Amino acid sequence: MTDDRIIGAGATREDDAADASIRPKRLADYLGQVPVREQMEIYIQAAKGRGDALDHVLIFGPPGLGKTTLSHVIANELGVALRVTSGPVIEKAGDLAALLTNLQPHDVLFIDEIHRLSPVVEEVLYPAMEDFQIDIMIGEGPAARSIKIDLPPFTLIGATTRAGLLTAPLRDRFGIVQRLEFYSVEELTRIVRRSASILGIDCTADGAGEIARRARGTPRIANRLLRRVRDYAQVKAGGHIDEPVAQAAMKMLKVDPEGFDELDRRLLKTMVDYFDGGPVGIESLAAALSEERGTLEDVVEPYLIQQGFLVRTARGRMATHKAYRHMGLKPKNPPQDLFAEVPDVG
């Protein structure tokens, strides 16, 4: 299920093209994710000092937080080539073998959506990661035979938004595991200002902060909003972005101070107006909104839940006090305290 909204975290073709021009090349330029950055700096320096390939790295976390960017930075810091592919693209064991046999010593192979590798491909990957060898079947039927091919030492970087779907044998073969967290407004403000500087956009600190506050903790969304605010400023404000201009642009884009768009607000309003705040089943909610169940579950709800505007219970979805306050309403049906004592009526 893709999220093509302006505040969607999934990558669009425009995002990919724009990101290439503003992507940091070094860890020093990789803003935010301080623990990850500090750890990777040590691991990279140690591997280079020993003359070894860096241990295999698993990077996981929500979309749009910089997993692909970090893989490019790691390869640049190591001074080696980066080969980029994704789980769904590697359909057969032979596809993976072709990638692996073309690697040079210490190269980095980046597999996005690694949780989508097929079991057959995974079986080939295990000895490649562990022993730098692969077994390939030559021929068919009774004449088929297995040959062992030695590989140069390399680093596999796997990225996934769904670490729970990785098989245990694959997960256990990564020596370094890094989780990317959502960014603070201050970190996103620095990212917006850096992107604006590279793209030649006249943007004040207050203007960058206004964009950052509505970016849902996600650099990809922040950079996308920056490009749209730039368009607005170019036509309406002489190309200058300050706080009032950013606010006016966000109003045009219908992105509110919480980073919600029309669909987010419509979901909360429907829950309050039609279902008295809940609990309401997902099918009923989807029917009331004329949206697919999958869209609500995979695209809309996660951020609302993460920010505390919505809760899932055994009986259905419920709007929280925070949701009522966001809409300027007094809670009609406050969510019950799950840990409240039940009165003794016996």
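Glycine is no exception: its Cβ is also placed from the backbone N, Cα and C atoms.
Keep in mind that this is a model prediction, so the values were computed, not measured.
Feature annotation from Swiss-Prot assigns ATP binding site to ILE22, ARG23, GLY64, LYS67, THR68, THR69, GLU130, ASP131, PHE132, ARG173, TYR183, ARG220. Feature annotation from Swiss-Prot assigns Mg(2+) binding site to THR68; the stated evidence is sequence analysis. Swiss-Prot lists ARG293, ARG312, ARG317 with the feature DNA binding site, giving sequence analysis as the kind of evidence. Annotation comment: Swiss-Prot describes 2-183 as region 'Large ATPase domain (RuvB-L)', evidence class sequence analysis. Sequence annotations record features per position, and here Swiss-Prot assigns region 'Small ATPAse domain (RuvB-S)' to 184-254 based on sequence analysis. The region 'Head domain (RuvB-H)' annotation in Swiss-Prot covers 257-346.
Here the features listed in Swiss-Prot are painted onto the structure.
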residue : record           : Cβ neighbours (10 Å)
ILE22   : ATP binding site : 17
GLY64   : ATP binding site : 27
THR68   : ATP binding site : 21
GLU130  : ATP binding site : 12
PHE132  : ATP binding site : 16
TYR183  : ATP binding site : 24
ARG293  : DNA binding site : 14
ARG312  : DNA binding site : 14
ARG317  : DNA binding site : 23
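Taking the Cα atom of each, ARG293 (DNA binding site) and GLY64 (ATP binding site) are about 23 angstrom apart. Maximum intra-site Cα distance, DNA binding residues ARG293, ARG312, ARG317: 14 Å. DSSP assigns GLY64 (ATP binding site) to coil in the three-state reduction, placing it in neither a helix nor a strand. Across the residues annotated as binding ATP (ILE22, ARG23, GLY64, LYS67, THR68, THR69, GLU130, ASP131, PHE132, ARG173, TYR183, ARG220), the widest Cα-Cα separation comes to 37 Å. Mapped onto DSSP helix, strand and coil, the region 'Head domain (RuvB-H)' (257-346) counts 42 helix, 9 strand, 39 coil. Taking the mean position of the Cβ atoms of ARG293, ARG312, ARG317 as the DNA site, the remaining same-chain residues with a Cβ inside 8 Å of that point are VAL280, GLY281, ILE282, LEU285, LEU296, GLU297, GLU301, GLY316. Confidence for the region 'Head domain (RuvB-H)' (257-346), expressed as mean pLDDT, is 80. On a Cα basis, ARG312 (DNA binding site) lies 41 Å away from GLU130 (ATP binding site). ILE22 (ATP binding site) sits 38 Å from ARG312 (DNA binding site), taking the Cα positions as reference.
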